[in-house]
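There's a structure below that I have some questions on.
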Amino acid sequence: MAGGVIVANDGDGSAVDHGGRLTFSVVITCLVAASGGLIFGYDVGISGGVSTMEPFLRRFFPGVVRRMAEARPGNEYCVYDSQALTAFTSSLYVAGLVASLVASRVTRAMGRQAVMVMGGALFFAGGAVTGFAVNIAMLIVGRMLLGFGVGFTNQAAPLFLAEMAPTRWRGSLTAGFQFFLAVGVVIATVTNYFASRVPWGWRLSLGLAGAPAVVIFLGALFLTDTPSSLVMRGDTARARAALLRVRGAGADVEAELKGIVRAVEVARQGEDGAFRRMAARREYRPYLVFAVAMPMFFQLTGVIVISFFSPLVFRTVGFGSNAALMGNVILGAVNLVCLMLSTLVIDRYGRKVLFMVGGAIMIIAQVGVAWIMGAQVGKNGSEAMARPYAVAVVAFTCLHTAGFGWSWGPLGWVIPGEIFPVDIRSAGQAMNVSIGLGLTFVQTQSFLAMLCRFRYGTFAYYAAWVAVMTVFIAVFLPETKGVPLESMATVWARHWYWKRFAREQPKTSADEPTGTY
């Protein structure tokens, strides 16, 4: 591809793994970076539960409380349909979208580590404002500060993980971001469950967002930036020191550093206009397609709206407030367990196997929820659901969450973090994050209205999308397991379809210097 990098290979075009153990230093470094997902996960999990707390609703959304009191049979799907209530959740993602675009340039100019520090500070400020909110304006401002933190952290952390991790461990370590996101969701749901028992519990739930913010802020202060970022900013000596520390004995640090330096030299030749190159140049077509497709499909799995609104869905099918919150805790725990299992096998069996299995599970689950709600709640929401069927809805929702945790949960962060060449890596990640946040805003703002208008068909809608994305991944995604970042163009150039766009890397001996083409 134009602006690509020729890295050392073994003579048949395949990339060389420069080695590197799973050292204590790389584990600690990646744990701190991945903890950015903890804050995002906490914010994902907290808003849906808080939205079911009656003291919170009475203070900020009294119209919803009146609608709940006046609800008659036939209105179960529409009780929570409030644009103001969904704006409380979705405002975070408008701010995150804007911040992610700015963060692309900031990440390139100041480094990944500095952006994570900024993200932690913004998260802390947002948690403080929402925790002490006295009106809707303060709630929205606080959520927007949290959104700016999301935009910065989601831009920097996956890149940090992908660039720091040894090739053979890159999938598992990059998936750590989603693992911590799932941990954050579980912490949020447990917090909501216990906080709902006191009138001021909603303040506790919202304000505690500041706690994980302190973790990433202080942790990031002590991190060294990634070798790629240091080389891009002209500090090759620190880049070498960083590689020596995180790779350990036995790694060919000098060869890896040479590859990074050459990649950065190519990146500087086309430093400006990365977005324009992605859009205009034929050889960048695979990266452009996946920069759009990955975040779009990630959102259309339906897991985001389930994470936000599952307490409201559970109340819709007949559970009380506490039972609905406990159901959300169970969902978070299921997601976390499946993420742990996925992380253990992602670098053994590859990415595509996990996508296929997870996709099949999610389709079955969404169809099951649609069928039960259509048969038991009725087309107009006029029927009361028997408890066994309500439990089945929870079970199918857990199954969907399990499928997501096995596949798109970790891989939705792993794939975008590893497929882009260095000259468009920041731009590609910015596009991935901004599209994802933009679609999250659209979905969170529209889901309750969709549930009210399309009723059980909402879940069939998501099942259809999961079927589409599973076929797309099977056909168009090359397997990236075990491929060094600097050699990623090789797998695209050999793919049955993308080879007409991407270019094969010329063969060189392992000790030959690399160049550009």
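Just so it is clear, glycine is given a Cβ too, placed from its N, Cα and C backbone atoms.
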I'd like to check whether Ala165 and Cys452, as annotated in Swiss-Prot, sit on the same side of the membrane - that is, whether they share a topological domain name.
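Domain labels do not match for Ala165 and Cys452 in Swiss-Prot.
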Would the transmembrane segment (26-46) and the transmembrane segment (457-477) count as touching if the test is at least 3 Cβ pairs under 8 Å, pairs 6 or more apart?
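Between the transmembrane segment (457-477) and the transmembrane segment (26-46), which are separate recorded stretches, there is no contact, as judged by 3 or more close Cβ pairs.
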Please count the residues of the topological domain 'Cytoplasmic' (411-430) that DSSP assigns to helix (H, G, I), strand (E, B) and coil.
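Result for the topological domain 'Cytoplasmic' (411-430), in helix, strand, coil order: 18 helix, 0 strand, 2 coil.
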What parts of the chain pack near the topological domain 'Cytoplasmic' (411-430), using Cβ distances under 8 Å and only residues at least 6 beyond its ends?
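Sequence-distant neighbours of the topological domain 'Cytoplasmic' (411-430): 1, 3-5, 37, 100-101, 103-105, 107-108, 155, 158-159, 161-162, 170-171, 174-175, 177-178, 228, 260, 263-264, 266-267, 269-271, 274-275, 277-278, 284, 287, 290-291, 294-295, 298, 346, 351, 354-355, 477, 480, 483, 485-486, 488-489.
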